[in-house]
């Protein structure tokens, strides 16, 4: 039996292999549905241990190994990590996904998942922001940055990326668009026995909500200034819900004491709109989705004006969280301790530490009363806590050079009780809700 022998040149073999590969890719392309909607860069599609970003889909080999990513329109890169339409950044640039890969000094950025970057302990897990070297802001710095090599050292440098121009067509301006920088404050405070008597310059985003009745005007709740025109507070502060009479409400910012007037510091604003979360529920007595927004205007139609005592606080990105044990601050004009019938005259602050979700929802603490829309915090010796009258006020945590609003004072059992830490609305769960209701372009 004779076998037919065919002589094939090297060039012909290479061409045949190339054609076969193109055929495989063409067939695969017909079977892969490219995502039409751009997903958040934090949404990852993992296939065979390789990550395709921004809605990209992984093409697998017959053995199940990743071959390449099919990217949605407008995205490119081996992992669809580059947004071709982005040429500037908003706020702190937390959502920047553009293609710039050089620092301000002109140095080429290092790969985020390279051994040299991971070797300095920067991102030991999940390859950091991705398998690329594009400028990003994963740690709440002041702008997008990257690691570069200078001689034998690896250092962090900001990237040369412009801020996006103001959107003059928007009815609401972010703090950044109005020339404000969120999360900035003076660092002085006055200590008193049993706690901290604070100045409003240390918490310039602190807002005080008042309501007017036949008996006069009275303090209702705290709040946080998140943009010149918007205050974030708790839904349970408004028992009449959407039927609340807005003309009876007023908001003060820059206020040091609830029963004193300081014309040099404070500003009084009216409430033109109230948004209470659609799924606010107190059926189980735990104030789930306890969050509300107030749109504020001065009598002459302007929003709050920035000063040393009036500034905005930053809002964390959607579903961002901090590790248990992180030190944060809660502020308010509430009662100084459980059992007192009167509120604190002056703004006060307390240092508290975040507790893990597992601890907060354990049987020793709040069990099923505690939901994923909440976080809890207390001091190690249970001596500091939010108390009655602090509702709606801010729980803020410092991240790098900015102060972020991670919680809204919501509820708890008593004040400073053992195993009964304060419970706060988890603000990062409502990032998109806040953007939707306010029409703001960003919150940082």
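Each residue, glycine too, has its Cβ placed from N, Cα and C.
Note that TrEMBL annotation is computational and uncurated.
Cβ-based neighbour count (10 Å, all protein chains) for residue 69 (disulfide bond) stands at 23. Marked as disulfide bond by TrEMBL: 52-69 (among others).
As annotated by TrEMBL, disulfide bond applies to 71-80 (among others).
Note on the domain 'EGF-like' (43-81): mean pLDDT across this stretch is 66. What TrEMBL records for 43-81 is domain 'EGF-like'.
The domain 'Kringle' annotation in TrEMBL covers 87-164.
Taken from TrEMBL, the feature domain 'Peptidase S1' applies to 192-439.
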Judged by other C-beta atoms within 10 Å of its C-beta, the most isolated of the disulfide-bonded residues 52, 71, 80 is 71
Could you state the whole-number distance in Å separating the C-alpha atoms of residue 80 (disulfide bond) and residue 52 (disulfide bond)? 6
Rounded to the nearest Å - Cα separation of residue 52 (disulfide bond) and residue 71 (disulfide bond): 8
Residues of the domain 'Kringle' (87-164) by DSSP state, where helix covers H, G and I: 4 helix, 19 strand, 55 coil
